Amino acid sequence: MTATIIYGNQLAETLRVKMKEEIVNLKRKGIDPKLTVVLIGDHPASKSYVSGKQKAADYIGMDSELIQLPAETTEAELLSLIDQLNQDTVVDGILVQLPLPAHIDEQLVIEAIRPSKDVDGFHPINIGKMMTNQDTFLPCTPYGILTMLKLYDIDIAGKHAVVIGRSNIVGKPIGQLLLNENATVTYCHSKTANMKELVQLADIVIVAVGRARMIDRSYIKKGATVIDVGINRLDDGTLTGDVDFDSVKEQASYLTPVPKGVGPMTITMLLKNTIKAAINHAQK
Ligand code: NDP
């Protein structure tokens, strides 16, 4: 048995083409979604993420703006900028690229963004709404994963999902979304004692750790669905996931690659959230 490979880049392309049409239709109705991205400093990975977001917005015809500020920007200056963007009726989505320089309190910044413009879905109000299964902006990576599972008609209800990793941006929220979809969810993390035995029970495995190829086929139940969130750069410069792709593809029924898997879906869901924000703002 060889797994069906879920190419997130292809799904993302299909979704982006649809969004392009949606933007044209919205503009006809006078709704012009706008995303503002704030980048502090010149962290190379952050710069590349931000440019990917800008390109994707351009591709679908979404208005996007990049505000780039020096690494020495103070917390007060950033909070004042966010306040300005909160008030600006033209701006629908605000994304402050993380991580921030150490002298800025990240949580304070996240909480300063108006929840109706929090297209990253990190504000505690939006997280609370996600926990209680209300309509909200879902965090982009988990939202992308859920969308992939649904587009492939992968059963979630009643299945056992094991999530490896418990970060606020990936692990915790994807577990919650799968629970909302009636999966039985187990979280594993660096202190989990019997991780392999737990993962072996899973129908769906989500791996979000950041350790190259840590999960090989010996962890995976035959026929399981395996979603690899990890992005790791090897010494030779190549990118690889947290899953040993060649070994796991012989055991799983569905598997995502790295690159071309979860990553492109993450950016797509950011665009989707921004369109949603614009529609919500227009209705108010
Ligand atoms: P974090 O570093 O915030 O979290 C990593 C998690 O893995 C923690 O919960 C940690 O446990 C757990 N962990 C670490 N070592 C082990 C281990 N040996 N066994 C089990 N669990 C372990 O990472 P993120 O969630 O932000 O990202 C995870 C990966 O996903 C990274 O490679 C990142 O680059 C990638 N990523 C990809 C995205 C995409 O769009 N494709 C988006 C976001 C992230 P503990 O809590 O106990 O420390």
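Positions of Cβ are set from backbone N, Cα and C atoms, glycine also.
The shown structure was predicted, so the numbers you read here are calculated from the model rather than taken from an experiment.
These features come from TrEMBL:
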| type | residues | note |
| --- | --- | --- |
| BINDING | G165, R166, S167, I231 | NADP(+) binding site |
| DOMAIN | 6-120 | domain 'Tetrahydrofolate dehydrogenase/cyclohydrolase catalytic' |
| DOMAIN | 139-280 | domain 'Tetrahydrofolate dehydrogenase/cyclohydrolase NAD(P)-binding' |
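Here the features listed in TrEMBL are painted onto the structure.
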residue: G165; record: NADP(+) binding site; Cβ contacts under 8 Å, 6 or more apart: G171, C188, H189, I206, V207, A208, V209, G210, V229
residue: R166; record: NADP(+) binding site; Cβ contacts under 8 Å, 6 or more apart: K172, G175, Y187, H189
residue: S167; record: NADP(+) binding site; Cβ contacts under 8 Å, 6 or more apart: A208
residue: I231; record: NADP(+) binding site; Cβ contacts under 8 Å, 6 or more apart: G210, L239, G241, V258, P259, G263
- prompt: What's the longest C-alpha separation between any two of G165, R166, S167, I231, the listed NADP(+)-binding residues, in angstrom?
  reply: 16
- line: Reduced DSSP state (H/G/I helix, E/B strand, rest coil) at I231 (NADP(+) binding site) is coil
Field: Confidence summary for the domain 'Tetrahydrofolate dehydrogenase/cyclohydrolase NAD(P)-binding' (139-280), mean pLDDT rounded
entry: 98
